[in-house]
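Q: Take a look at the following structure, please.
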């Protein structure tokens, strides 16, 4: 997508943005986690042209469907959870432009008509980008762009109930939703999304309900915004370099370290 051009935007210097990938199954709470992070950082009330942290969804990069594909999509017979459904070339080009500090226009997608809209959203230079999507880690070229990778791990029954409620609000009937879930969504998650969990630096069970994990991530982003971008890379935060137990609700977690995965989950929740 072409750059939006030169606009009156505050200068941010030449430091490259810190890219954070957020993945997980459909309706796992990825966007909610990102929005909560924005809220805790006080960025949700900042003018979008001056935000230090921005969110971008992989959903913006669905391919333009052919007439035949759109007909199948309207019947719930098109697999939107398959890697081929995404325009990875446009996605990579957009992320590259963001890394270069450019102002970029990103597509908008209509989930009711299953079509890319002519309107675009402008993303202005920021210090941190949260990029969320079901297959954010699937493509290696894109995965390697993230300096921190988070995986939101939510029970399948919870994800299904959320998916049903969300899609019914989009005007779809229950039978079509369930058929699409069993035919495309669930198999695609197991084949394409779940295996990418191994690439995550941090695993967040229960999504936004896991405030221990959210607060830890917010603290790391705050360190980045304060200019100490290498703090987590050094593997030393106040002398803590190994996993530790967080107080409250039986949750445990660990420090984000290069090459080490942190699993922040409840020991009492069945999976």
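Numbering starts at 1 and runs along the chain as displayed.
For all residues, glycine too, the Cβ spot is worked out from N, Cα and C.
Since this is a predicted model, take the numbers as computed values, not measurements.
Sharing the features that Swiss-Prot gives for it:
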type	residues	note
BINDING	24, 25, 26, 27, 28, 29, 30, 31, 32, 209	ATP binding site
BINDING	81, 109, 114, 163, 172, 180	substrate binding site
REGION	241-271	region 'Disordered'
COMPBIAS	262-271	compositional bias 'Basic and acidic residues'
Q: Can you tell me how far the Cα of residue 24 (ATP binding site) sits from the Cα of residue 81 (substrate binding site), in Å?
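A: Here the two Cα atoms lie 12 Å apart.
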Q: Rank the binding-site residues 26, 32 by the number of other Cβ atoms within 10 Å of each Cβ and report the first-ranked residue.
A: 26
Q: Of all the binding-site residues given, namely 109, 114, 172, 180, which is spatially nearest to residue 32 (ATP binding site) at the Cα level?
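A: Closest candidate to residue 32 (ATP binding site), judged by Cα separation, is 109.
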Q: Going by C-alpha distance, which of the binding-site residues 26, 28, 30 is nearest to residue 81 (substrate binding site)?
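A: Nearest candidate: 26.
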Q: If you draw a 10 Å sphere around the Cβ of residue 172 (substrate binding site), how many other Cβ atoms fall inside it, taking every protein chain shown into account?
A: 17
Q: Measuring Cα to Cα, tell me the gap between residue 30 (ATP binding site) and residue 114 (substrate binding site) in whole angstrom.
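A: Checking the Cα atoms of residue 30 (ATP binding site) and residue 114 (substrate binding site) gives a distance of 21 Å.
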Q: Should residue 28 (ATP binding site) be counted as helix, strand, or coil on the basis of DSSP?
A: coil
Q: How many angstrom lie between the most widely spaced Cα atoms of the ATP binders 24, 25, 26, 27, 28, 29, 30, 31, 32, 209?
A: 17
Q: To the nearest Å, how far is the Cα of residue 28 (ATP binding site) from the Cα of residue 114 (substrate binding site)?
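A: Distance between the two Cα atoms comes out at 21 Å.
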